Structures are given as structure tokens and as C-alpha cells.
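Q: I have a structure here, written as C-alpha cells, and I will follow up with some questions on it.
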Amino acid sequence: MKVLQMFFCVILLCVTSVLVEAKSTTKGDETASKRNFAQFAAMTYHTTHRWPKKYVGYGCYCGLGGYGIPVDPIDECCKTHDACYKKVEDSGICSYSWAIYLTIYKRKGGAECSEDNEKCQMEVCKCDSVAAKCLGKYKDIFNEKYAGYDKKGKCDPSFTLS
């Protein structure tokens, strides 16, 4: 049942974020995925035991785009994740700017990155791992009032991520 729930969740996340065809293959205890987003969803589910879709649109930073002041520590985790991706993108270690969203990296299961990753893969995996662990740390303070949050109306756009 959990496998079916996770598969359904990954499909919903991919549709929500306009990323299509989230397929996974498993080799030993390392997982490679066709889309980085599906891997982050798997890490998040592992650390929070919550459907990752619940975090899409949470607060001012969780999901696509983010600005303003984080509403709580969970939203701060998402802001940090956005900043981590931006740092990797700005560093130029990945071959093109959208690589951070499409990079296939290897995990040791859970929210741990495999040592058998190229530099771009490893940095993207680290961003996802740190964020998933952060979300797991604060899983008990998840507040439904911040799910589906009105970013345009409630997040202060003068505090954009730069």
C-alpha cells in the first residue's frame, strides 16, 4: 500500500510542477531517477512520512518560486533549499541552468547521497538531502493553514531571494 501511495504522490508532484514521466530504476540500494524532483519527493517522504504533495504551495517558499518572509521553520527549509539550488546553478558546475531540476543522482536509500555521483549530481543531491532532513526535523509542526498559501497576497515581495 505504501509503495502505491508513494507512486501516486510522485505522479501528482510531477504533474503539479509540470515535470512529466517520473520513472525510477533501482540497482542494489542506490536509486536513479529520470527526474530530480521525484528523487526529492522520495527523500521527503522518507523523512516526514507525509505525502510530499502536501508541501507544494506550503508557505512562501515551498513549491515553485518563493519570496517574502518564511511563515515557519518548514517554510525556512524550503527557502534554504531554493538558495542551495541557486548556489549550485550560479557555480556553473552543472552543464546548463536547468540541470539542477533534471539531474539524475544516486542515493543510498532514504535521504543519503551515494559517493558514486559526479560533482553536479552530488551538489544537487546534497541540497535535496539537507532540505528533506530539515522538513523531517519539523514534520510535527506542519500547519494546514500554510498549505496552499496565497503567496501573492500574503508574502512580502520586497524580500525576494537574491
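Just so you know, glycine gets a Cβ as well, placed from its N, Cα and C.
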Q: Have a look at Swiss-Prot and say which candidate in Cys113, Cys134, Cys155 forms the disulphide with Cys125.
A: Cys113
Q: Can you tell which of Cys94, Cys134, Cys155 Swiss-Prot lists as bonded to Cys120 through a disulfide?
A: Cys94
Q: Record says Tyr61, Gly63, Gly65 bind Ca(2+). Source is Swiss-Prot. Which of Asp82, Asp90 does it list for that same site?
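A: Record check against Swiss-Prot: Ca(2+) site with Tyr61, Gly63, Gly65, extra candidate from Asp82, Asp90 is Asp82.
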Q: Which chain neighbours of the Ca(2+) site, leaving out Tyr61, Gly63, Gly65, Asp82, have a Cβ atom within 8 Å of the mean position of the site's Cβ atoms?
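A: Apart from Tyr61, Gly63, Gly65, Asp82, the close residues are Cys60, Cys62, Leu64, Gly66, Tyr67, Cys78, Lys79.
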Q: Non-local Cβ contacts of Cys94 (disulfide bond) (under 8 Å, 6 or more apart, same chain)?
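A: Cys94 (disulfide bond) has long-range Cβ partners Val88, Ile100, Thr103, Cys120, Glu123, Val124.
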Q: I need the most crowded of these recorded positions: Asp82, Asp128. Count other C-beta atoms within 10 angstroms of each C-beta and give me the top one.
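A: Per the Cβ count within 10 Å, the most buried is Asp128.
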Q: I'd like to confirm something. Which of the disulfide-bonded residues, Cys77, Cys78, Cys127, Cys134, has a Cα closest to the Cα of Gly63 (Ca(2+) binding site)?
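A: With Cα distances computed to Gly63 (Ca(2+) binding site), the winner among Cys77, Cys78, Cys127, Cys134 is Cys78.
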Q: Could you tell me the C-alpha distance between Cys113 (disulfide bond) and Asp128 (active site) in angstrom, no decimals?
A: 9
